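Here is the structure we will look at.
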Amino acid sequence: MLNVNELVKTELHCHLDGSLSLGVIRQLAQMAKITIPAEDEALRKLVSVHGKVDSLMAYLKLFDFVRPLLQTSTALELAAYDLVRQAASDKVIYIEVRFAPELSTDQDLTILEAVSAVLVGLNRGQEDFGVVAKLLVCGLKQTNTNQTKELFSAIADLAPKGLVGFDFAGNEADYPTEELRDIIQFTQSLGYPLTFHAGECGCVTNVIQALELGIRRIGHGTALTRNPEAIQAFVNSGATLEMCLTSNLQTGAADSIEYFPYRELVEAGANITINTDNRTVSNTTLNREYQLFVEYFRTSKADFYRFNQNAIQASFASEEEKKVLLELLDQQY
């Protein structure tokens, strides 16, 4: 039997605010003077999904609980550092952490200060835990596009500190890809690569339009299921999919395991990767996600090796870093 805990891994799709460990939530609550339940079980009910929720937006409501905890530089640095620690315990060698800094400006922290604090935490974690940790900054689809332009412009020179790309997340159902064309093209003009949440709300058109706009990494893409034409378009584009199994089952992005597009995508030759999405909100780890792929799909060690190669090749790391990571992966598999 394959012991997935022993496999080295990579992760491209992991949200900072959805992945605060309970221990760190306690520390942050104490720092913010916010009262939270003393028992872990009671706290877990406030920050993690149990079973299935009604919709993606219902899932995202859980993030409201942690928002007040992430309003200072110290809090953001601690959260980022701890996420690298969690990744190391999953034997992750490379992770891209993403967060939306506009959600951490409720107490006058600037966008630049918020992003800089997360970068400090990631870099400290990288040094202490040996995980290469990079940052993706999310714009929210529902936010005014002028505000998003200002946000991205304010941090556009942080590449030397570990900012490697941008993402768009949030309310996909009400803000389809086509309506975001201008802000997507503006973001691409900044010279950073872009990943994009699409196909998480049942609309495969959002995936196809993202590909047409030159985006080559898609978060979720669950709506590709049972759509051979769209899957072929995805494969032909050379794009890479950031799969998030547990999260998609919880939000109903996939009605059941039968409607999760893994097998169809693998058979079509698509580049896929395995991710947690939100460790705490989805109550998962990368080890657990791998175990689920073994149980549901009989995913093999050779498959995992290929998916991790996909992740490194599609990552926003430098070519030199990719070379080192691919060699390390090769040694470990």
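Placement of Cβ uses the backbone N, Cα and C atoms for every residue, glycine included.
Same-site candidate for Zn(2+) binding, as annotated by TrEMBL with His13, His15, His197, chosen from Asp106, Asp108, Asp277: Asp277.
Apart from His15, Asp17, Gly170, the residues listed for substrate, the same chain places the Cβ atoms of Leu16, Gly18, Leu60, Phe63, Arg98, Phe99, Ala100, Leu103, Cys138, Ala169, Asn278 within 8 Å of the centroid of those Cβ atoms. Here Gly170 (substrate binding site) is positioned 12 angstrom away from His15 (Zn(2+) binding site), judged by their C-alpha atoms.
For the domain 'Adenosine deaminase' (9-331), the model's pLDDT averages out at 98.
Under a cutoff of 8 A between CB atoms, and with a sequence separation of 6+ in the same chain, the neighbours of His197 (Zn(2+) binding site) are Lys141, Asp167, Phe168, Ala169, Gly170, Glu172, Ile218, Gly219, His220.
Apart from His13, His15, His197, Asp277, the residues listed for Zn(2+), the same chain places the Cβ atoms of Cys14, Gly18, Arg98, Ala169, Gly219, His220, Glu242, Cys244, Ser247, Asn275, Asn278 within 8 Å of the centroid of those Cβ atoms. Each of the recorded positions Asp17, Glu200, Asp277 was scored by the number of other CB atoms within 10 A of its CB, and the lowest score belongs to Asp17. Residue pair Asp277 (Zn(2+) binding site) / Asp17 (substrate binding site) shows a Cα separation of 10 Å.
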